[in-house]
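Asks: Per TrEMBL, the feature active site, proton acceptor maps to Glu211. Annotation comment: TrEMBL describes Gly252, Ala253, Ser254, Thr255, Gln256 as ATP binding site. Taken from TrEMBL, the feature transmembrane segment covers 54-74, 519-541.
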Amino acid sequence: MEMWHGPREQIFRTPGLSSASEKSHMRTWSRRWEQGWAKAVTGTKPKMSWTRKILLILGFLSALAVIALIAVAVTQNKPLLKNIKYGIVLDAGSSHTNLYVYEWPAEKENDTGVVQQVEECKVEGPGISGYSHATEKAGPSLAQCLRQAEEVIPSKQHQETPVYLGATAGMRLLSLQNKSAADKVLSSVEKTLRSAPFNFQGARIISGQEEGAYGWITINYLLGNFKQSGWTKLLHSLKSISETSGALDLGGASTQITFVPNELSSESPENLLYFRLYGKDYLVYTHSFLCYGKDQALQQKLATDLEASTSTMENSSLLDPCFHQGYQRTINISDLLKSPCTSAKKKQFPFSQLYIQGEGDYQKCRRNIQKLFNKTNCPYSSCSFNGIYLPPLQGDFGAFSAFYFVMNFLNLTSEQSPIALDKVTSTIESFCARPWHEVKTVYHQIKEKYLSEYCFSGAYILSLLENGYEFTEKNWQRIHFLGKIGSSDAGWTLGYMLNLTNMIPAEEPAGPPLSHGSYVGLMVLCSLVLVAVLLFVWLLFHKPKCLQKGIV
Ligand SMILES: Nc1ccn([C@@H]2O[C@H](COP(=O)(O)OP(=O)(O)OP(=O)(O)O)[C@@H](O)[C@H]2O)c(=O)n1
Ligand SMILES: [Ca+2]
């Protein structure tokens, strides 16, 4: 049976018809229109075939089903109301202590990438190893930052919030130099942390290996490299790619290099760590160089220079190419030689103070620094320096802490347009050549201690990466200088907490293969396809005139 076509014919009517056929067409149309109108007025509806009725009902039900499907996808599978947990880690570094507050949704504890930093507090004053002469003051120095954490974390959760303190190279050196002072510092720190309203979980010196490993875990966790669900899992299993990033950490007193090498080698087992994370095995190379953080490296350099030049020195002043021209600094020789990093040097000098005068000569500075890296003896197939095993460099590296502070100051961290090594060198060279009075005026807002050392630090970073680890022009681009990843600082603290709270499972936790977003997206896509198919079927059965005549 024919349906009422009046209005549709009007809509699709081709303009400009004036022939006899048009007139007859118009007559037919007006007759149909009148019939249709009469039917509507008298209430007699045109009859539909059963097939069409069923199709219409089916179409209506399908539309309902699609709406229901989307509604269920959005509501049923949406993340539950957030129940937040907190954790605190204090990074007791050689130059200063930082307190970090992390938070994560309780029900997602074992997922990757859910923990994030919500607060950072810089402790006033020196690092805790700087309290060796007033050990009882080390703990109280942390009080202000602990109070800040109390404000960030809801009070009803204070008791269940774990607090950890990890001390790094400054305390490693102090414990080599004066074990009892180091113990007293740790006791003082423990006393303060126990008196805070949180759940004290320990204050200890972490090893260089742990520092390297936890830094590597942190950045790979934050970069989502351990995530192995859904499409990424499929991709990884197809390609078997090395999906982790290496970690380069530069502190004040030590530096670490950590990465997954290409080939397995048991040449130096003390440098290898084995992890099973989220169902995957990782064999990681790590090494921590004590005394090669940038402050201790400068001390080493000054002590070496002092020793080398005493015979030719007329007075106690020393020209230093790593400081800007016009810069002057006085240092106590006994302080300089106190550190275990410099104590092997000759002790007797005819003067007690050293007057340093800057020369601002980058090339000379590099040659000077080079002496810190002994490349003569390597008992393994390949070495970094000082006879330490280093497998061939592999993959991308995230470089953080002082690597980032220094390169960021020098404007050399751009990720959008990666800067070539020769450009990096020339930038540092011209920065070193600037006279101190000019640098001080231009960067008056920066602490003098930092500012005066950026020339040395830039040169030291290049020496360490180029001469020490043998990065070249080619793989330089694989180093990414990063301060934060998302809201979290790159550093060892997050990895340390993840490990101690058992938040990184060895096996992949069972869960939906798709994220909520991908699931909803897939549902919507399927629904749209379903609607399109139904529409197509309807059009096939219905065969509207416009399609039959090829008007549309
Ligand atoms: N804006 C900044 C902040 C810090 N620094 C320097 O960076 C080094 C400290 O780096 P950091 O990673 O904080 O070292 P620590 O953790 O204190 O030392 P370590 O890890 O060796 O214990 C210090 O030399 C400090 O002078 C800098 O040049 N510019
Ligand atoms: Ca550090």
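Cβ atoms are placed via backbone N, Cα and C, with glycine included.
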Asks: For Gln256 (ATP binding site), what is the secondary structure by DSSP, using just helix, strand and coil?
Replies: strand
Asks: Residues near the ATP site, Gly252, Ala253, Ser254, Thr255, Gln256 excluded, by Cβ within 8 Å of the Cβ center?
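Replies: Filtered neighbour residues, in order: Ser94, Thr168, Ala169, Gly208, Glu211, Asp249, Leu250, Gly251, Ser288, Phe289, Leu290, Tyr292, Gly293, Lys294, Gln296.
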Asks: Please give me the CB contact count at 10 A for Gly252 (ATP binding site), counting all chains in the structure.
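Replies: The answer is 22.
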Asks: Find, among the binding-site residues listed as Ser254, Thr255, Gln256, the one whose Cβ has the highest number of other Cβ atoms within 10 Å in the structure shown.
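Replies: Max Cβ neighbours within 10 Å, all protein chains included: Thr255.
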Asks: Enumerate in sequence order the recorded positions Glu211, Gly252, Ala253, Ser254, Gln256 whose Cβ-atom distance to ligand 1 is under 6 angstroms.
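Replies: The recorded positions passing the 6 Å Cβ test are Gly252, Ala253, Ser254.
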Asks: Whole-number answer please: how many Å between the C-alpha atoms of Thr255 (ATP binding site) and the residue listed as 'active site, proton acceptor'?
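Replies: Here the two Cα atoms are 9 Å apart.
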Asks: Taking the Cβ of Ala253 (ATP binding site) as the centre, how many other Cβ atoms fall within a 10 Å radius?
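Replies: Result for Ala253 (ATP binding site): 29 neighbouring Cβ atoms inside 10 Å.
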Asks: Looking at the binding-site residues Gly252, Ala253, Ser254, Gln256, which has the shortest Cα distance to Glu211 (active site, proton acceptor)?
Replies: Gln256
Asks: Near the Cβ of Glu211 (active site, proton acceptor), how many other Cβ atoms are there if near means within 10 Å?
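Replies: A count of 29.
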